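A.B. asks: According to Swiss-Prot, the protein has these features:
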- GLY7, ALA8, GLY9, GLY10, VAL11, GLY12, ASN101, GLU267: NADP(+) binding site (BINDING)
- LYS184: active site, proton donor (ACT_SITE)
Amino acid sequence: MKFLVVGAGGVGGYIGGRLSEKGNDVTFLVRQKRAEQLKKTGLVIHSEKGNVSFQPELISAGETGQFDVVIIASKAYSLGQVIEDVKPFIHQESVIIPFLNGYRHYEQLFAAFSKEQVLGGLCFIESALDNKGEIHHTSASHRFVFGEWNGERTERIRALEEAFSGVKAEVIISGHIEKDIWKKYLFIAAQAGITTLFQRPLGPILATEAGRHTAQTLIGEICTVLRKEGVPADPALEEESFRTMTSMSYHMKSSMLRDMENGQTTEGDHLHGFLIEKAKRLSLAAPVLETVYANLQMYEAEK
């Protein structure tokens, strides 16, 4: 089984590195600058779960080759170009596993490929590149979840399970992947929304009554949109999402807030813009969500 990992950053570099560490056939599709960096230093992972350092197999857009599994771990705003880049590497039986936040990317992938080729996927990990291009895994979690949309343990799922077996990461085959995706989407959109709106970590926000109320209102607005879309986002899910938020570190910053602090492009359109589009189409009022998105739009316009 030949793997193509699109992106060698905090997520793609990590899971691709773990697959390679086990002895799987893994190639990374990267841009020229990242390729030059990797050729010079190798792919390096610093993690309490075990460090990794090796010279990875690399390929660039425009080259030829066929791969059985394509793992997409790029930023959502790059997906249009990623789709064009990977098309030549995909054969009829290839399977695509995206590890992106949100849901909009599935609509793009289903339109570009057959839905049967795209598995549902998500991950829970805090990892990022330093200025030398080395990956630092800084969370206890390094969980990667994927599965068939109908929950079946198909032949290809069993083959993937074998390939991931023994990898130094928590890999879960889900029988309800769509539910898992929406659950994470709710939490990520709320966490990123509230921290970017107030430009603070979670702790100081949730330490105030007004901050807690705003966070709960945002979660409620997102759940209302999801319910109207047919997603089972009941009050128990709202409570669980807020409870998870309150259990996190006082100094916890969303990755989107860190992107803003570093002057980088955010996934605001992909996460919050997508929800706003649905709210408008459904004639739903979502004032906090709209304020979150307006703040992100102003940031993108000014950076």
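Quick reminder: no glycine exception, Cβ is built from N, Cα and C everywhere.
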A.B. asks: Could you state the whole-number distance in Å separating the C-alpha atoms of GLY7 (NADP(+) binding site) and LYS184 (active site, proton donor)?
C.D. replies: 22
A.B. asks: Under 8 Å Cβ-Cβ from ASN101 (NADP(+) binding site), six or more apart in the same chain: what's there?
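C.D. replies: Counting only residues 6 or more apart in sequence, the Cβ neighbours of ASN101 (NADP(+) binding site) under 8 Å are ALA76, LEU122, LYS184, TYR185, ILE188, GLU267, HIS270, LEU271.
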A.B. asks: Helix, strand or coil: which one is GLU267 (NADP(+) binding site) in, per DSSP?
C.D. replies: coil
A.B. asks: Please list residues from the chain of GLY12 (NADP(+) binding site) whose Cβ is under 8 angstroms from its Cβ, counting only those at least six apart in sequence.
C.D. replies: VAL5, VAL6, PHE28, ILE71, ALA73, SER74, PHE99
A.B. asks: Can you tell me how many other Cβ atoms are located within 10 Å of the Cβ belonging to GLY7 (NADP(+) binding site)?
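C.D. replies: Around GLY7 (NADP(+) binding site), other Cβ atoms within 10 Å: 22.
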A.B. asks: What are the non-local neighbours of VAL11 (NADP(+) binding site), defined as same-chain residues 6+ apart in sequence with CB under 8 A from its CB?
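C.D. replies: Spatial neighbours, sequence-distant, of VAL11 (NADP(+) binding site): ALA73, PHE99, CYS123, ILE125, SER127.
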A.B. asks: List, in sequence order, the same-chain residues at least six positions removed whose CB sits under 8 Å from that of GLY9 (NADP(+) binding site)?
C.D. replies: ALA73, SER74, ALA128, LEU129, ILE135
